[in-house]
Amino acid sequence: MNINFSKLTAAGNDFVLIDNRESVIAKEDCQSLAKKLCDRKYSIGADGLILLEKSACKDFKMKYFNSDGSCASMCGNGGRSIAKFAYDLGVANLKMVFETDAGVINAEILTEDRVRLDLYAPRDLKKDIKVEVNGKEFDVDFINTGVPHAVIFVDDIEKIDVFGYGRAIRSHKTFVPAGVNVNFVKVIKGNTLLVRTYERGVEDETLACGTGIIASGIISVLKGFAESPVKVIARGGDKLLVSLKNSKDKISNVVLEGPALITFKGTVKI
Ligand SMILES: N[C@H](CCC[C@H](N)C(=O)O)C(=O)O
């Protein structure tokens with residue numbers, strides 16, 4: 001049987017995507033397969049594995065696995081990548097609706113390499129949590145944008161030890177047992193953020209984290225540091241846009257727009 005797969009990068013967050021509508025990959029094999037395929041030395045290499053699965057009610061379903069094999073309920077850059085993958089396969093039109101474990105997402109292919117996601121409302125906002133790690137106290141805002149995120153505003157985004165502090169905060173007792181993705185944010189002129197993210201499940205800084213960029217945009221607006229739509233420059237240099245639709249006291253839903261490129265595609269016979 002031939003399996004369609006692709007390698008995509010979305011603002012530098014890269015993924016292996018597999019068309020698993022015929023369920024050729026068994027549930028119990030997904031985590032070990034993710035670790036194997038995401039290994040940058042002995043395999044294709046990626047931040048995560050994304051499976052396109054059949055859905056009874058939407059165009060398709062997305063299942064996401066980090067490069068360490070852990071399963072996550074959502075991936076913002078992965079969502080933009082699977083939209084492109086699904087359109088390329090002919091599974092969906094330019095506008096599509098798909099299921100994730102965090103909720104239903106509307107996606108639109110805007111141009112050859114730009115995709116927009118319209119997501120569910122974020123949840124579990126907790127402001128001004130004090131977290132001390134490695135002798136330094138951080139003022140953290142927490143929000144769940146499909147996966148858990150800590151947002152920390154810093155003055156010097158170039159100098160901050162994203163790996164050291166990110167790893168320590170990711171596993172801090174405040175966030176156990178699930179852990180948290182850690183975003184360091186610098187507000188610059190022009191209603192723009194610079195964001196660097198230590199990603200749970202990759203256990204390193206990635207060049208972009210879509211749900212982290214959304215979390216950073218939301219918290220910046222709530223704190224009055226920026227106005228929607230917020231421009232975000234990811235670590236890899238790509239530009240994304242976070243737009244919030246506020247309704248009374250909560251953010252009704254969020255739109256993330258940014259690049260998503262197919263860098264390789266093929267089929268493998270099994
Ligand atoms: N590492 C995340 C999942 C992927 C998030 C990120 N790649 C994105 O684009 O949202 C977690 O385990 O919570």
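Each Cβ is built from the backbone N, Cα and C atoms, and glycine gets one as well.
Where the annotation comes from TrEMBL, it is an automatic prediction and has not been curated.
In the three-state DSSP scheme, Cys75 (active site, proton donor) is classed as coil. The active site, proton donor annotation in TrEMBL covers Cys75.
Around Cys75 (active site, proton donor), the same-chain residues six or more apart in sequence whose CB sits under 8 Å from its CB are Asn13, Phe15, Gly48, Ile50, Met62, Tyr64, Gly146, Val147, Gly210, Thr211, listed in sequence order. Annotation source TrEMBL lists active site at Cys75.
The active site, proton acceptor annotation in TrEMBL covers Cys209. For the recorded site, Cys209 (active site, proton acceptor), the DSSP three-state label reads coil.
Under DSSP, Arg200 (substrate binding site) is assigned to coil, being neither helix nor strand in the three-state scheme. Other Cβ atoms within 10 Å of the Cβ of Arg200 (substrate binding site), summed over all protein chains shown, number 26. Feature annotation from TrEMBL assigns substrate binding site to Asn13, Asn66, Gly76, Asn77, Asn181, Glu199, Arg200, Gly210, Thr211.
Separating the Cα atoms of Gly76 (substrate binding site) and Cys209 (active site, proton acceptor) is a whole-number distance of 7 Å. The maximum pairwise C-alpha distance among Asn13, Asn66, Gly76, Asn77, Asn181, Glu199, Arg200, Gly210, Thr211, the residues recorded as binding substrate, is 14 Å. Cα-Cα distance from Asn181 (substrate binding site) to Cys209 (active site, proton acceptor): 9 Å (rounded to the nearest whole number).
Take the mean position of the Cβ atoms of Asn13, Asn66, Gly76, Asn77, Asn181, Glu199, Arg200, Gly210, Thr211, the recorded substrate site; other residues of that chain with a Cβ within 8 Å of it are Asp47, Gly48, Ala72, Cys75, Gly78, Val147, Thr197, Val202, Thr206, Cys209, Gly212.
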